[in-house]
(Lines of atoms letter the chains of each structure in order from A and count residues from 1; the text may use other names and numbers.)
(Lines give C-alpha, C1' and ligand atoms only; values in the text may rest on other atoms or scores of the structure.)
Protein backbone atom coordinates (compact mmCIF):
# COMPACT_ATOMS: atom_id res chain seq x y z
CA UNK A 1 0.00 0.00 0.00
CA UNK A 2 1.26 3.48 -0.85
CA UNK A 3 2.22 5.85 1.97
CA UNK A 4 2.34 9.62 2.04
CA UNK A 5 3.12 12.57 4.21
CA UNK A 6 0.45 15.19 3.63
CA UNK A 7 0.97 18.83 4.57
CA UNK A 8 -2.11 20.65 5.79
CA UNK A 9 -1.47 24.39 5.71
CA UNK A 10 -3.53 26.90 7.61
CA UNK A 11 -5.44 29.47 5.60
CA UNK A 12 -4.63 32.97 6.80
CA UNK A 13 -7.72 34.54 8.36
CA UNK A 14 -9.33 37.86 7.35
CA UNK A 15 -8.06 39.65 10.50
CA UNK A 16 -4.34 38.98 9.85
CA UNK A 17 -2.60 41.82 11.71
CA UNK A 18 0.62 42.80 13.45
CA UNK A 19 -0.19 43.29 17.11
CA UNK A 20 3.11 41.90 18.49
CA UNK A 21 1.30 39.45 20.76
CA UNK A 22 3.93 36.73 21.06
CA UNK A 23 6.41 37.47 23.85
CA UNK A 24 9.52 35.40 23.22
CA UNK A 25 9.03 35.58 19.43
CA UNK A 26 11.43 38.29 18.27
CA UNK A 27 9.96 38.77 14.79
CA UNK A 28 6.46 39.17 16.19
CA UNK A 29 7.58 41.82 18.68
CA UNK A 30 9.70 43.71 16.16
CA UNK A 31 6.80 44.19 13.73
CA UNK A 32 4.13 45.23 16.24
CA UNK A 33 1.69 47.85 14.90
CA UNK A 34 2.85 47.63 11.28
CA UNK A 35 0.08 47.65 8.70
CA UNK A 36 -0.75 44.19 7.37
CA UNK A 37 -2.30 42.86 4.18
CA UNK A 38 -4.69 39.98 4.91
CA UNK A 39 -5.29 39.47 1.18
CA UNK A 40 -1.57 39.28 0.39
CA UNK A 41 -0.92 36.98 3.35
CA UNK A 42 -3.68 34.58 2.35
CA UNK A 43 -2.52 34.55 -1.27
CA UNK A 44 1.10 33.95 -0.24
CA UNK A 45 -0.06 30.96 1.80
CA UNK A 46 -2.19 29.59 -1.02
CA UNK A 47 0.65 30.05 -3.49
CA UNK A 48 2.98 28.02 -1.27
CA UNK A 49 0.37 25.27 -0.95
CA UNK A 50 -0.12 25.16 -4.71
CA UNK A 51 3.64 25.16 -5.32
CA UNK A 52 4.06 22.08 -3.12
CA UNK A 53 1.16 20.37 -4.86
CA UNK A 54 2.83 21.15 -8.19
CA UNK A 55 6.04 19.54 -6.86
CA UNK A 56 4.06 16.32 -6.51
CA UNK A 57 3.37 16.66 -2.79
CA UNK A 58 -0.10 15.96 -1.44
CA UNK A 59 -1.35 19.19 0.06
CA UNK A 60 -4.35 20.01 2.21
CA UNK A 61 -5.81 23.14 3.74
CA UNK A 62 -7.17 23.86 7.22
CA UNK A 63 -9.72 26.60 7.83
CA UNK A 64 -8.82 29.58 10.06
CA UNK A 65 -10.46 30.61 13.33
CA UNK A 66 -13.30 33.14 13.50
CA UNK A 67 -12.00 36.50 14.70
CA UNK A 68 -12.58 38.86 16.45
CA UNK A 69 -13.60 36.37 19.14
CA UNK A 70 -16.65 38.18 20.50
CA UNK A 71 -17.60 35.24 22.73
CA UNK A 72 -14.24 35.47 24.52
CA UNK A 73 -14.75 39.19 25.07
CA UNK A 74 -18.25 38.58 26.46
CA UNK A 75 -16.78 36.08 28.94
CA UNK A 76 -14.52 38.89 30.13
CA UNK A 77 -17.41 41.21 30.92
CA UNK A 78 -18.03 43.19 27.74
CA UNK A 79 -21.70 43.30 26.81
CA UNK A 80 -24.31 44.68 24.44
CA UNK A 81 -24.35 44.35 20.68
CA UNK A 82 -21.34 42.95 18.84
CA UNK A 83 -20.44 46.53 17.84
CA UNK A 84 -20.61 47.65 21.49
CA UNK A 85 -18.49 44.72 22.64
CA UNK A 86 -15.77 45.55 20.10
CA UNK A 87 -15.77 49.27 20.89
CA UNK A 88 -15.77 48.76 24.67
CA UNK A 89 -12.98 46.20 24.58
CA UNK A 90 -10.82 48.22 22.18
CA UNK A 91 -11.16 51.27 24.41
CA UNK A 92 -11.00 49.74 27.89
CA UNK A 93 -8.66 46.76 27.36
CA UNK A 94 -6.81 47.20 24.05
CA UNK A 95 -4.26 44.44 24.69
CA UNK A 96 -6.98 41.90 25.47
CA UNK A 97 -9.01 43.10 22.50
CA UNK A 98 -6.09 42.66 20.10
CA UNK A 99 -5.47 39.16 21.46
CA UNK A 100 -9.07 38.28 20.58
CA UNK A 101 -8.49 39.43 16.98
CA UNK A 102 -5.38 37.37 16.21
CA UNK A 103 -5.12 35.32 13.03
CA UNK A 104 -2.42 33.15 14.61
CA UNK A 105 -4.25 29.92 13.76
CA UNK A 106 -2.58 30.14 10.32
CA UNK A 107 0.44 28.50 12.01
CA UNK A 108 -0.99 25.01 12.00
CA UNK A 109 2.24 23.48 13.29
CA UNK A 110 0.70 24.54 16.61
CA UNK A 111 -2.76 23.18 15.81
CA UNK A 112 -2.16 19.67 17.09
CA UNK A 113 0.19 16.74 17.53
CA UNK A 114 -0.42 13.92 15.06
CA UNK A 115 0.70 10.29 15.33
CA UNK A 116 0.28 8.03 12.28
CA UNK A 117 -1.38 4.64 12.44
CA UNK A 118 1.93 2.78 12.10
CA UNK A 119 2.96 4.09 15.54
CA UNK A 120 -0.25 3.80 17.54
CA UNK A 121 -1.58 0.86 19.54
CA UNK A 122 -5.00 0.82 17.86
CA UNK A 123 -3.72 1.38 14.31
CA UNK A 124 -5.52 4.71 13.87
CA UNK A 125 -4.18 8.19 13.13
CA UNK A 126 -4.38 10.17 16.39
CA UNK A 127 -4.89 13.94 16.80
CA UNK A 128 -4.57 16.01 19.97
CA UNK A 129 -5.20 19.75 19.58
CA UNK A 130 -2.59 21.86 21.37
CA UNK A 131 -3.88 23.85 24.34
CA UNK A 132 -1.42 26.72 23.70
CA UNK A 133 -1.81 27.94 27.29
CA UNK A 134 1.27 30.17 27.26
CA UNK A 135 -0.28 32.84 25.03
CA UNK A 136 -3.82 34.05 25.70
CA UNK A 137 -4.49 34.79 22.03
CA UNK A 138 -3.61 31.22 21.09
CA UNK A 139 -5.32 29.59 24.07
CA UNK A 140 -8.62 30.64 22.45
CA UNK A 141 -8.05 28.23 19.56
CA UNK A 142 -8.18 24.56 20.71
CA UNK A 143 -11.93 23.95 20.72
CA UNK A 144 -12.50 25.22 17.17
CA UNK A 145 -9.25 23.59 16.05
CA UNK A 146 -10.69 20.30 17.26
CA UNK A 147 -13.92 20.99 15.36
CA UNK A 148 -12.00 21.70 12.14
CA UNK A 149 -9.80 18.60 12.52
CA UNK A 150 -12.85 16.40 13.16
CA UNK A 151 -14.53 17.81 10.05
CA UNK A 152 -11.38 17.28 7.98
CA UNK A 153 -10.58 13.79 9.32
CA UNK A 154 -14.11 12.63 10.05
CA UNK A 155 -13.98 8.87 9.42
CA UNK A 156 -13.83 7.24 12.86
CA UNK A 157 -12.64 3.96 11.36
CA UNK A 158 -9.27 5.58 10.63
CA UNK A 159 -8.99 8.74 12.76
CA UNK A 160 -9.07 9.21 16.53
CA UNK A 161 -9.53 12.68 18.06
CA UNK A 162 -8.63 13.63 21.65
CA UNK A 163 -9.52 16.67 23.71
CA UNK A 164 -6.70 19.14 24.28
CA UNK A 165 -4.75 18.80 27.54
CA UNK A 166 -5.88 20.70 30.68
CA UNK A 167 -5.72 24.48 30.26
CA UNK A 168 -2.88 24.93 32.69
CA UNK A 169 0.78 25.90 32.38
CA UNK A 170 1.79 22.57 33.93
CA UNK A 171 0.56 20.91 30.74
CA UNK A 172 1.53 23.63 28.27
CA UNK A 173 1.41 21.99 24.84
CA UNK A 174 2.39 23.66 21.55
CA UNK A 175 1.62 20.78 19.22
CA UNK A 176 3.68 19.66 16.24
CA UNK A 177 6.04 22.64 16.53
CA UNK A 178 7.75 20.60 19.26
CA UNK A 179 7.32 17.19 17.67
CA UNK A 180 8.87 15.42 14.72
CA UNK A 181 9.07 11.87 13.47
CA UNK A 182 11.90 9.85 11.96
CA UNK A 183 11.18 6.76 9.87
CA UNK A 184 12.37 4.75 6.89
CA UNK A 185 9.03 5.01 5.06
CA UNK A 186 6.03 7.08 6.16
CA UNK A 187 3.85 3.99 6.53
CA UNK A 188 6.38 2.10 8.65
CA UNK A 189 6.70 2.38 12.40
CA UNK A 190 8.91 5.35 13.26
CA UNK A 191 10.48 7.15 16.20
CA UNK A 192 8.50 10.14 17.47
CA UNK A 193 10.59 12.93 18.99
CA UNK A 194 8.92 15.10 21.62
CA UNK A 195 10.93 18.22 22.45
CA UNK A 196 10.12 20.10 25.66
CA UNK A 197 11.42 23.27 27.27
CA UNK A 198 11.00 22.59 30.98
CA UNK A 199 9.68 20.27 33.67
CA UNK A 200 6.52 21.62 35.29
CA UNK A 201 6.70 19.48 38.42
CA UNK A 202 10.45 19.51 39.04
CA UNK A 203 11.95 22.97 39.52
CA UNK A 204 15.45 21.51 40.00
CA UNK A 205 15.72 20.81 36.25
CA UNK A 206 17.19 23.31 33.74
CA UNK A 207 14.79 25.94 32.40
CA UNK A 208 15.02 29.28 30.58
CA UNK A 209 15.02 32.46 32.68
CA UNK A 210 14.14 35.29 30.24
CA UNK A 211 11.49 33.90 27.89
CA UNK A 212 8.91 31.22 28.78
CA UNK A 213 9.31 27.56 27.90
CA UNK A 214 5.95 26.89 26.27
CA UNK A 215 6.16 23.06 26.19
CA UNK A 216 6.46 20.96 29.33
CA UNK A 217 7.85 17.46 29.67
CA UNK A 218 4.63 16.41 31.36
CA UNK A 219 2.53 17.60 28.41
CA UNK A 220 4.67 15.70 25.92
CA UNK A 221 4.35 12.55 28.01
CA UNK A 222 0.58 12.95 28.20
CA UNK A 223 0.20 13.28 24.42
CA UNK A 224 2.32 10.17 23.88
CA UNK A 225 0.06 8.28 26.31
CA UNK A 226 -3.13 9.54 24.64
CA UNK A 227 -1.86 8.40 21.26
CA UNK A 228 -1.06 4.91 22.50
CA UNK A 229 2.63 5.16 21.64
CA UNK A 230 5.09 2.54 22.83
CA UNK A 231 8.17 3.53 24.84
CA UNK A 232 10.11 1.76 22.10
CA UNK A 233 9.26 4.42 19.54
CA UNK A 234 9.27 7.63 21.59
CA UNK A 235 12.19 9.86 22.58
CA UNK A 236 11.82 12.90 24.85
CA UNK A 237 14.48 15.58 24.35
CA UNK A 238 14.93 18.85 26.21
CA UNK A 239 15.53 21.95 24.11
CA UNK A 240 18.51 24.06 25.14
CA UNK A 241 17.07 26.65 27.60
CA UNK A 242 19.66 29.23 26.52
CA UNK A 243 18.18 29.14 23.02
CA UNK A 244 14.67 29.77 24.30
CA UNK A 245 16.05 32.87 26.02
CA UNK A 246 17.46 33.99 22.66
CA UNK A 247 14.12 33.72 20.86
CA UNK A 248 13.88 30.04 19.87
CA UNK A 249 10.34 29.74 21.18
CA UNK A 250 9.55 26.40 19.46
CA UNK A 251 11.82 23.56 18.47
CA UNK A 252 10.84 23.96 14.82
CA UNK A 253 12.79 27.23 14.86
CA UNK A 254 16.04 25.31 15.44
CA UNK A 255 15.55 21.82 13.95
CA UNK A 256 13.46 19.93 11.40
CA UNK A 257 13.16 16.22 10.68
CA UNK A 258 11.85 14.09 7.82
CA UNK A 259 12.12 10.33 7.32
CA UNK A 260 15.78 9.47 8.01
CA UNK A 261 17.07 13.05 8.36
CA UNK A 262 17.27 15.34 11.38
CA UNK A 263 18.55 18.80 10.37
CA UNK A 264 19.50 20.86 13.41
CA UNK A 265 21.71 23.58 14.87
CA UNK A 266 24.47 22.35 17.15
CA UNK A 267 23.03 24.35 20.08
CA UNK A 268 19.48 23.02 19.67
CA UNK A 269 19.29 20.42 22.45
CA UNK A 270 20.52 19.52 25.91
CA UNK A 271 22.44 16.24 26.23
CA UNK A 272 22.50 15.86 22.46
CA UNK A 273 24.79 12.82 22.39
CA UNK A 274 22.63 10.90 24.86
CA UNK A 275 19.42 11.77 23.01
CA UNK A 276 20.84 10.85 19.60
CA UNK A 277 22.11 7.52 20.93
CA UNK A 278 18.57 6.73 22.10
CA UNK A 279 17.15 7.75 18.71
CA UNK A 280 19.61 5.46 16.90
CA UNK A 281 18.84 2.55 19.19
CA UNK A 282 15.06 2.92 18.72
CA UNK A 283 15.29 3.67 14.99
CA UNK A 284 17.10 0.38 14.37
CA UNK A 285 18.74 -0.66 11.11
CA UNK A 286 19.11 1.68 8.17
CA UNK A 287 20.79 4.96 7.34
CA UNK A 288 20.03 7.82 9.71
CA UNK A 289 21.41 11.29 8.93
CA UNK A 290 21.99 13.83 11.69
CA UNK A 291 22.87 16.99 9.76
CA UNK A 292 24.45 19.42 12.20
CA UNK A 293 24.89 23.11 11.41
CA UNK A 294 27.67 24.61 13.51
CA UNK A 295 27.78 28.19 14.73
CA UNK A 296 30.80 28.98 12.54
CA UNK A 297 28.67 28.16 9.48
CA UNK A 298 25.46 29.87 10.58
CA UNK A 299 25.22 31.93 13.75
CA UNK A 300 22.27 31.47 16.03
CA UNK A 301 21.14 35.01 15.17
CA UNK A 302 21.19 34.29 11.43
CA UNK A 303 19.36 31.00 11.95
CA UNK A 304 16.59 32.73 13.90
CA UNK A 305 16.35 35.79 11.66
CA UNK A 306 16.20 33.77 8.43
CA UNK A 307 14.24 30.83 9.89
CA UNK A 308 16.70 28.39 8.35
CA UNK A 309 15.24 25.54 10.42
CA UNK A 310 11.64 26.69 10.20
CA UNK A 311 11.72 25.31 6.69
CA UNK A 312 9.82 22.33 5.36
CA UNK A 313 11.90 19.25 4.68
CA UNK A 314 10.00 17.13 2.16
CA UNK A 315 10.63 13.98 0.13
CA UNK A 316 10.07 14.38 -3.60
CA UNK A 317 8.66 11.70 -5.90
CA UNK A 318 12.20 10.64 -6.91
CA UNK A 319 13.16 9.98 -3.28
CA UNK A 320 15.40 13.02 -2.94
CA UNK A 321 14.65 15.60 -0.28
CA UNK A 322 14.02 19.31 -0.75
CA UNK A 323 14.07 22.19 1.70
CA UNK A 324 11.15 24.59 1.29
CA UNK A 325 12.63 27.84 2.57
CA UNK A 326 11.46 31.43 2.96
CA UNK A 327 13.11 33.98 0.65
CA UNK A 328 14.64 35.41 3.84
CA UNK A 329 17.09 32.47 3.73
CA UNK A 330 18.09 33.35 0.17
CA UNK A 331 18.61 36.98 1.20
CA UNK A 332 20.88 36.10 4.14
CA UNK A 333 24.45 35.62 2.80
CA UNK A 334 25.60 33.13 5.45
CA UNK A 335 22.44 31.04 5.25
CA UNK A 336 22.31 31.10 1.45
CA UNK A 337 25.96 30.03 1.25
CA UNK A 338 25.33 27.18 3.69
CA UNK A 339 22.30 25.90 1.77
CA UNK A 340 24.17 26.05 -1.54
CA UNK A 341 26.88 23.87 0.01
CA UNK A 342 24.41 21.52 1.73
CA UNK A 343 22.87 20.24 -1.52
CA UNK A 344 26.33 19.14 -2.72
CA UNK A 345 27.04 17.01 0.36
CA UNK A 346 26.41 13.30 0.82
CA UNK A 347 22.95 13.61 2.38
CA UNK A 348 19.42 13.04 1.04
CA UNK A 349 18.86 16.84 0.82
CA UNK A 350 19.46 17.75 -2.83
CA UNK A 351 17.17 20.71 -3.56
CA UNK A 352 16.28 24.12 -2.13
CA UNK A 353 13.07 25.91 -3.10
CA UNK A 354 12.47 29.50 -1.96
CA UNK A 355 9.01 30.98 -1.38
CA UNK A 356 7.86 34.42 -0.31
CA UNK A 357 5.92 34.16 2.96
CA UNK A 358 6.93 37.56 4.33
CA UNK A 359 3.47 38.41 5.70
CA UNK A 360 3.81 35.34 7.92
CA UNK A 361 7.52 35.87 8.62
CA UNK A 362 6.91 39.35 10.01
CA UNK A 363 4.66 37.81 12.64
CA UNK A 364 7.27 35.19 13.45
CA UNK A 365 6.22 32.17 11.37
CA UNK A 366 8.09 30.53 8.48
CA UNK A 367 7.06 27.73 6.09
CA UNK A 368 7.18 25.02 8.77
CA UNK A 369 4.88 27.01 11.07
CA UNK A 370 2.26 27.12 8.33
CA UNK A 371 1.78 23.37 8.00
CA UNK A 372 0.62 20.35 9.98
CA UNK A 373 2.10 17.06 8.79
CA UNK A 374 -0.11 13.98 8.64
CA UNK A 375 1.43 10.67 7.52
CA UNK A 376 -1.16 8.35 5.99
CA UNK A 377 -1.55 5.34 3.76
CA UNK A 378 -3.74 5.50 0.64
CA UNK A 379 -6.81 4.08 2.39
CA UNK A 380 -6.59 6.71 5.14
CA UNK A 381 -5.97 9.46 2.59
CA UNK A 382 -9.10 8.43 0.69
CA UNK A 383 -11.06 8.78 3.96
CA UNK A 384 -10.04 12.45 4.39
CA UNK A 385 -12.57 15.16 3.50
CA UNK A 386 -11.54 15.55 -0.15
CA UNK A 387 -12.79 19.15 -0.33
CA UNK A 388 -9.88 20.12 1.95
CA UNK A 389 -7.29 18.81 -0.53
CA UNK A 390 -5.44 21.26 -2.77
CA UNK A 391 -5.75 20.93 -6.54
CA UNK A 392 -6.03 23.35 -9.46
CA UNK A 393 -9.77 23.82 -9.08
CA UNK A 394 -9.70 24.32 -5.31
CA UNK A 395 -6.74 26.70 -5.62
CA UNK A 396 -8.75 28.85 -8.02
CA UNK A 397 -11.86 28.72 -5.84
CA UNK A 398 -9.96 29.71 -2.71
CA UNK A 399 -8.14 32.55 -4.47
CA UNK A 400 -11.46 33.88 -5.72
CA UNK A 401 -12.85 33.56 -2.21
CA UNK A 402 -9.93 35.62 -0.83
CA UNK A 403 -10.38 38.26 -3.55
CA UNK A 404 -14.05 38.52 -2.68
CA UNK A 405 -13.76 38.78 1.10
CA UNK A 406 -10.32 39.96 2.24
CA UNK A 407 -9.08 43.50 2.77
CA UNK A 408 -5.94 44.73 1.03
CA UNK A 409 -4.79 46.66 4.09
CA UNK A 410 -5.54 46.31 7.77
CA UNK A 411 -4.32 48.36 10.73
CA UNK A 412 -4.82 47.54 14.40
CA UNK A 413 -7.40 50.37 14.59
CA UNK A 414 -9.52 48.65 11.93
CA UNK A 415 -10.09 45.65 14.19
CA UNK A 416 -12.77 47.44 16.24
CA UNK A 417 -14.94 47.97 13.16
CA UNK A 418 -18.00 45.71 13.38
CA UNK A 419 -18.01 45.63 9.58
CA UNK A 420 -14.78 43.60 9.72
CA UNK A 421 -16.42 41.12 12.10
CA UNK A 422 -19.39 40.74 9.76
CA UNK A 423 -17.12 40.45 6.70
CA UNK A 424 -15.11 37.72 8.43
CA UNK A 425 -18.19 35.74 9.43
CA UNK A 426 -19.63 35.95 5.93
CA UNK A 427 -16.29 34.80 4.50
CA UNK A 428 -15.92 31.87 6.89
CA UNK A 429 -19.51 30.76 6.48
CA UNK A 430 -18.87 30.55 2.74
CA UNK A 431 -15.54 28.79 3.34
CA UNK A 432 -17.15 26.02 5.37
CA UNK A 433 -19.33 25.34 2.34
CA UNK A 434 -16.33 25.36 -0.02
CA UNK A 435 -14.47 22.91 2.24
CA UNK A 436 -17.62 20.97 3.23
CA UNK A 437 -16.86 21.31 6.94
CA UNK A 438 -20.37 21.81 8.29
CA UNK A 439 -20.83 24.16 11.26
CA UNK A 440 -17.46 24.40 13.02
CA UNK A 441 -17.67 28.00 14.30
CA UNK A 442 -19.66 29.21 17.33
CA UNK A 443 -21.37 31.93 15.27
CA UNK A 444 -22.81 29.20 13.01
CA UNK A 445 -24.44 27.45 15.96
CA UNK A 446 -26.44 30.38 17.32
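Just so you know, glycine gets a Cβ as well, placed from its N, Cα and C.
What Swiss-Prot says about this protein:
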type	residues	note
BINDING	19-28, 110, 137-138, 214, 252, 363	substrate binding site
ACT_SITE	174	active site
ACT_SITE	250	active site
ACT_SITE	369	active site, nucleophile
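On a Cα basis, residue 174 (active site) lies 8 Å away from residue 250 (active site). Note: the CA-CA distance between residue 252 (substrate binding site) and the residue listed as 'active site, nucleophile' rounds to 8 Å. Reported as a whole number, the C-alpha separation between residue 174 (active site) and residue 110 (substrate binding site) equals 5 Å.
There are 27 other CB atoms within 10 A of the CB of residue 369 (active site, nucleophile), with all protein chains counted. Here the C-alpha separation of residue 138 (substrate binding site) and the residue listed as 'active site, nucleophile' works out to 14 Å.
Less than 8 angstroms from the CB of residue 110 (substrate binding site) sit 104, 130, 132, 138, 174, 175, 176, 177, 250, 369, each of them six or more residues away in the same chain.
In the three-state DSSP assignment, the secondary structure recorded for residue 252 (substrate binding site) is helix. Residue environment of residue 252 (substrate binding site) contains 30 other Cβ atoms, counted within 10 Å of its Cβ in all protein chains.
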